[in-house]
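These features come from Swiss-Prot:
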- Arg55, Thr56, Arg106, His135, Gln138, Leu268, Pro269: carbamoyl phosphate binding site (BINDING)
- Lys85, Arg168, Arg230: L-aspartate binding site (BINDING)
Amino acid sequence: MANPLYHKHIISINDLSRDELELVLRTAASLKKTPQPELLKHKVIASCFFEASTRTRLSFETSIHRLGASVVGFSDSSNTSLGKKGETLADTMSVISTYVDAIVMRHPQEGASRLAAQFSGNVPIVNAGDGANQHPTQTLLDLFTIQETQGRLDNINIAMVGDLKYGRTVHSLTQALAKFNGNRFFFIAPDALAMPAYILQMLEEKEIEYSLHESLEEVVPELDILYMTRVQKERLDPSEYANVKAQFILRSSDLTGARDNLKVLHPLPRIDEITTDVDKTPYAYYFQQAGNGIFARQALLALVLNAELAL
């Protein structure tokens, strides 16, 4: 069966329909159950990270190797022609696209991946994060984890806590879950880091229920998923960071009265916002969530680079 993601740029989670999201998740589940070590044999994929990353970069590169493909690229753009000689991003992508079958790209500038897609010819760009904008593959692994732990993606009560202004993961995840039915959102953040107005407007236009809170305690008993985020020091001025960094911290005592099926997720890295005593509770699932990134990213790359895929 022809697959609709073949050679498709994956820039925003909004580039994927509900059917396409479900296709990726089915493929991820299949790859988790039955590895396919030669699925992308003879393919070459560029890993271009213009911004620091540990989990996302290593997860992508591991995914590439486990599918039998080769990976080339860089994790520090300061040593590239773009960083040292002033080459434009457009020229950099125009050249790299002549070497490889796909490009995985992270960049600090919002919209950089979509710009790159204009200059990569028929070589698909996979956005691994562009500034505070989008992080679609994190969203895919989040969806995969929610489905794995809850058995569904409809009728989920989810709280998102912390930095909802600059946290691209919560923007993408809210947009993705809005494609499913009956989901309810609880947004818990200080005013300075509130969910952007365009996300709230999208929910209102779709008549999706959401509420704003200043306390985690009042919503925990209603939740299926508690999605914690860190305050992003690199995107705040020092005075603002100092004011908000410790405002929302999850401790195991905060989970008293939680539903049995509750899972605590976090895109990582964790700084102060989840204390280590939470790790020992049955609710903690953030390390397994990170591990699911391998299968979600394998699935996406396999679909983007195979005209027909039946697993």
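Just so you know, the numbers here start at 1 and follow the chain as drawn.
Cβ atoms are placed via backbone N, Cα and C, with glycine included.
Annotated features, which come from Swiss-Prot, shown on the structure.
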residue	record	Cβ contacts under 8 Å, 6 or more apart
Arg55	carbamoyl phosphate binding site	Leu268, Pro269, Ala290, Gly293
Thr56	carbamoyl phosphate binding site	Arg106, Ala128, Gly129, His135, Thr137, Gln138, Gly293
Arg168	L-aspartate binding site	Gly129, Asp130, Gly131, Ala132, Asn133, Gln134, His135, Gln138
Arg230	L-aspartate binding site	Gly162, Asp163, His266, Pro269, Arg270, Ile271, Asp272, Glu273
Whole-number Å value of the largest CA-CA distance among Arg55, Thr56, Arg106, His135, Gln138, Leu268, Pro269, listed as carbamoyl phosphate-binding: 16
Sorted by sequence, non-Arg55, Thr56, Arg106, His135, Gln138, Leu268, Pro269 residues with Cβ within 8 Å of centre, carbamoyl phosphate: Ser53, Thr54, Ser59, Ala128, Gly129, Thr169, Pro267, Gly293
For Arg106 (carbamoyl phosphate binding site): DSSP state (helix, strand, coil): strand
Neighbour tally for Pro269 (carbamoyl phosphate binding site), based on other Cβ positions within 10 Å of its Cβ: 9
His135 (carbamoyl phosphate binding site): secondary structure state under DSSP, collapsed to three categories: coil
Where Thr56 (carbamoyl phosphate binding site) sits in the secondary structure, as DSSP reduces it to three classes: helix
C-beta crowding around Arg106 (carbamoyl phosphate binding site), within 10 angstroms: 25
Arg168 (L-aspartate binding site): secondary structure state under DSSP, collapsed to three categories: helix
Cβ neighbour count (within 10 Å, all chains shown) around Gln138 (carbamoyl phosphate binding site): 27
DSSP-derived structure type at Pro269 (carbamoyl phosphate binding site), helix or strand or else coil: coil
Fewest Cβ neighbours within 10 Å, where candidates are the binding-site residues His135, Leu268: Leu268
